[in-house]
Each structure stands twice: as structure tokens, then as C-alpha cells.
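A.B. asks: So TrEMBL lists the following for this protein:
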BINDING   G84, Q85, T86, G87, S88, G89, K90, T91  ATP binding site
DOMAIN    5-180  domain 'Kinesin motor'
Amino acid sequence: MTEECVCVAVRVRPLLAREVLHRHQVCVRVVPGSAQVMLGSDRLFSFDHAFGPTASQDEVYESCVQPLVESCVQGSNATVFCYGQTGSGKTYTLGGGNQDDEGGIIDRVVQEVFRLLQEKKKNNEGLDTRVRVSYVELYMEELRDLLELQNIHKELHIREDERGNTGHSNLVGTNYPVIS
Ligand SMILES: Nc1ncnc2c1ncn2[C@@H]1O[C@H](COP(=O)(O)OP(=O)(O)OP(=O)(O)O)[C@@H](O)[C@H]1O
């Protein structure tokens, strides 16, 4: 992990069974031992990290996210943002695949946050810590609170409070920043 404020990683997922069946071809390859990907045969792109189809969830988490969790527990803010076209692997990377697969970034962050807080508490008795979570989907310009399923069709709005915290309308005013 570099000391840069923004770190960009690319992950190339394996072809899915149905893609193999339809003889789809791989068009993006990670250059072995580098953080570069080759598009077609001659277009090279550089990133902070490049993960190929065999990269594990652990590798992705340890290189890109674990250092952020550690700095968050020390008091910094951090955002992990997955971007890509539909079917490119955002949900898999964040949430994990099927239930028997290894978990994704969210599972690991939650485990690590509680582990680090527990450690901190051991060293500083009386330390009061609070973990708050919000889980909001933004789709076609509409927000949905995925933790409040009974209100899933209620219209939500992003707002900013007087301290500059942003949150959706269910949360602002209650000191709940959106965790993104
Ligand atoms: N690294 C990976 N290894 C194995 N399978 C993967 C990997 N990444 C994605 N997949 C599989 O590829 C398919 C599409 O991935 P996923 O649903 O995560 O895409 P997405 O970017 O979230 O798509 P959408 O934007 O449409 O929600 C899923 O079947 C997922 O299990």
C-alpha cells in the first residue's frame, strides 16, 4: 500500500462457465509480476495493484483494504469504492460469492474492525467504542435503505448536516455518517 491518498486496483475475474461454453475470449490480461494490464495485444494500463483471475479474496483484501481498516481505527476516514460494468465482479469482491465461498471485503472489514477494537480496549480499559453501519443502495438515481426492508420503497435523500456529515434522510441529525 502506498502513502497516496487514492489507490486504484483492477481485478480481472475468470470467465464464467457460460462464457466458456459460448467460447468467449479473454481480452484483458494482467502482466505477470506487475500492476499492469494488457488490453488486446498492445494497450498497456498501469494501476497501483492488478489482480488476475486466480487472485484470492484474501490477496485483494490484504493489499487494498486492510491498511485502511487499521488507519480508520487510528482515527482516519477511508472509502473503498468498487466500480465496473455490470457482471464485472463488484458484488463478488465486496460481498463474496456463494455461501460456501470465502467472504468478500465486507466480511473481512467487519471481523478486522472488531478484532482491532478489542485489542485497543485491552490496552486501554474504559475505552468506549461504537460501530455504526448503514447499507444503502443507489440505483437509477434512487436510494434504498437495505437494512430497513419494511421501508424499502420509501424515498430517501442524501443530506448534509451542519457538521458536514453526509447521510441519507433517515440518518442525518442522529450523527450517523454514511459508511461507504
Ligand atoms: N473473482 C471472481 N472469481 C470467480 N467468480 C467471480 C469473480 N468475480 C465475479 N465472479 C462471478 O461473476 C459473476 C458476476 O459477478 P458480480 O455479480 O459480482 O458482478 P457485479 O459487478 O456486481 O454485477 P452487477 O453490476 O450487475 O451487480 C457472478 O456469478 C460472480 O460469482
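Cβ coordinates are placed from backbone N, Cα and C, and glycine is handled just like the others.
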A.B. asks: Please report the number of other Cβ atoms within 10 Å of the Cβ of G87 (ATP binding site).
C.D. replies: 11
A.B. asks: Please list the binding-site residues from Q85, T86, S88 whose Cβ falls under 6 Å of any atom in ligand 1.
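C.D. replies: Near the molecule: T86, S88.
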A.B. asks: What's the most sparsely packed of the binding-site residues G84, G89, counting other C-beta atoms within 10 A?
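C.D. replies: Looking at the binding-site residues G84, G89, the Cβ with the fewest others within 10 Å is that of G84.
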A.B. asks: Identify which of the binding-site residues Q85, T86, S88, T91 has its Cβ surrounded by the largest number of other Cβ atoms within 10 Å, counting every protein chain shown.
C.D. replies: S88
A.B. asks: At a 10 Å cut-off from the C-beta of K90 (ATP binding site), count the other C-beta atoms across all protein chains.
C.D. replies: 17
